[in-house]
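Copied straight from TrEMBL:
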type	residues	note
COMPBIAS	510-521	compositional bias 'Basic and acidic residues'
DOMAIN	31-466	domain 'Major facilitator superfamily (MFS) profile'
REGION	510-529	region 'Disordered'
TRANSMEM	29-50	transmembrane segment
TRANSMEM	70-89	transmembrane segment
TRANSMEM	101-119	transmembrane segment
TRANSMEM	159-178	transmembrane segment
TRANSMEM	185-204	transmembrane segment
TRANSMEM	315-334	transmembrane segment
TRANSMEM	341-363	transmembrane segment
TRANSMEM	375-400	transmembrane segment
TRANSMEM	412-432	transmembrane segment
TRANSMEM	444-462	transmembrane segment
Amino acid sequence: MTAQMSVTAGKDSKDRVISSPTHSKLRQFSVGVVASFNGLIWGLVIGYSSPAVDSFITDGFMPFYLSDSLKSLIGSIPNAGAVVGNAISGPVTARLGRRRIFQLAMLPQILAWVLLGFSRNPAMALTARVIQGALADFWGPVAQLYAAEIAHPDLRDSIGALTMFELATGMFLGYAIGGCLRWDHMAFLVAGFLTLLWPLTFLLPESPVYLLSKDRVDEARVALQWLRGPGYNSDEELETLRLNQSANHKADQFSSDDKKKTSFKDLFTPATMKPLMLVLLLLTLRQWTGPYAVYTFVVEIFQLSGSSANPHASSMIVGAMTLVFQFLAVGAVRRFGKKRLGVMSAAFLFAGHFGVGFYFYLVESGAGVSGGLNYLPLISMCVTLMGFNLGLCSFPFVLMGELLPEKIRDTAAGLCFSWNCIMAFIVVETFYPMTRGIRISGTFGVYCVVSLITALVIIFCAPNTQGKSLAELQNSFDAGPPKKNAVYPEDSFKNIVIVVTNNAVNKSKEAAKSAEKESNDHNLVNVAG
């Protein structure tokens, strides 16, 4: 449910410094908020499931029977749609541009919510949910790409994080609305809300990077000037973008022979197999620690706990805490580092799941709970989701960008994102069967054990990427010696030119030697003749 990023306006570590003094942060953040609406939509899709299912059963308006398997499908099937949306996002974006994707994706999303509100049979409801997931993930990679391209280097990280903030906001709104409205009215309200937001997508400027890629230089200058504000000198930054695009183009030409040879078999070489398997393993463990099962069925979990706390109020607290933890995660990464934070994240997940599992064990065994123990499920879930959002929420995706070799990155990234959606579908879909087979205490026990395994995998298998270049990280997985002339994403334009020049010089020397040899041979022939 988040984000793939192509080669964009240059790499943070090697970009030329933009020396122009001031730029409009408000405009860039405003544009970033609108472009990240996919996060808000995903949050509403996730946050809708739990209160809607409860409303469907308790509010008396039930146009069709809702079995446990159908409950699971309503929660899980948007992830199946996300696999499709993710697959078609890249090619369509390259053809239509960034802004048009935002405009086109919103209307069918609105219609999907309307269809959900009018659902009178399972097929209508499930179709609506598939469309919601497909369009949300269709928008997702484009939003990350657009955010990187429109943001000033000083703001790129902050604007890129808006998607996760809006995801948490959407879940909170879903829980809050679901506590007040019937399931169909909730769907109509979300459709109306998105209809109000839709016109904002038409106010977005096109990405200057995309415009430059289409040789629309004047339009790129106008778009960049609007984004940075009237007092900003955009000429230097525009020239930097053009140089970076030229460098990327030369790098593509330089490695064109390698790209032509790239195939599915390249995923199974030692240099690619090890990091790819590590990322896929972490994505699998990430889902099986159970956060999305908790998000999807949070109201019912609180109801089954028998806690004196109101289930809908508790779900809103969980949504609010998720929003807070997303905010804290940005500073935590800088302070503790990604690997250490990943271990801490898994440890918090272990503790939170243990608390929920222990509480349900007491309830199921008839031991009874009273007093402060009534709030153990709420406290434990907050600990669980704090752990997830502080580290594991993004850790595997960060490693994916750092460890996968450039040659297979596009193919491998698509595989990883699709795998993540498939795992999310399976985990949510199996929640009810697991609670029937091993009870809720056993289900959270499984999540607890997986959290412990995740911590061990990060400790012993995940490399420490702090302070290391992409070249060093990717060469560490290669069985052979590092390639002296390897071109990595962070290589500067200067380095690329040096490599190309050296190759040209070598070829010239070889040509000169060949010509000299031919001349000598010719002289020998003349002498012999």
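Placed from the backbone N, Cα and C atoms, the Cβ positions cover glycine too.
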Who are the long-range neighbours of the transmembrane segment (375-400) in its own chain, taking Cβ under 8 Å and residues 6 or more past its ends?
2-3, 164, 168, 275, 278-279, 282-283, 286, 289-291, 294-295, 298, 301-302, 305, 307, 309, 314, 317-318, 321-322, 325-326, 328-329, 332, 338, 341-349, 351-356, 358-359, 369, 412-413, 416, 420, 451, 454, 458, 462, 465
By Cβ distance under 8 Å, which residues at least 6 away from the ends of the transmembrane segment (70-89) in the same chain are close to it?
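Residues 1, 4, 45-46, 49-50, 52-53, 101, 122, 125-126, 129-142, 296-297, 414, 417-418, 421-422, 424-433 contact the transmembrane segment (70-89) from elsewhere in the chain.
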Across the domain 'Major facilitator superfamily (MFS) profile' (31-466), what does the mean pLDDT come to, as a whole number?
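Averaging the confidence scores along the domain 'Major facilitator superfamily (MFS) profile' (31-466) gives 84.
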Pairs 6 or more apart in sequence, C-beta under 8 angstroms, 3 or more of them: is that satisfied by the transmembrane segment (29-50) and the transmembrane segment (341-363)?
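Between the transmembrane segment (29-50) and the transmembrane segment (341-363), contact is absent.
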Do the transmembrane segment (159-178) and the transmembrane segment (315-334) come close, with at least three CB pairs under 8 A (pairs 6 or more apart in sequence)?
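When sequence-distant Cβ pairs are counted, the transmembrane segment (315-334) touches the transmembrane segment (159-178), since at least 3 lie under 8 Å.
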What else in the chain is close to the transmembrane segment (341-363), if you only count residues 6 or more beyond its ends and a Cβ gap under 8 Å?
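Contacts of the transmembrane segment (341-363) (Cβ under 8 Å, skipping residues fewer than 6 from its ends): 289-291, 301, 304-306, 332-333, 369, 373, 376-377, 379-388, 390-393, 395, 439-445, 447-448, 451-452, 454-455, 458-459, 462.
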Please indicate, using numbers and ranges, the residues of the same chain that are 6 or more beyond the transmembrane segment (412-432) and have a C-beta under 8 Å from a C-beta there.
1-2, 4, 68-69, 71-73, 75-77, 79-80, 82-83, 86-87, 90, 137, 141, 267, 272, 276, 279-280, 283-284, 286-288, 290, 292-293, 296-297, 396-397, 400, 404, 443
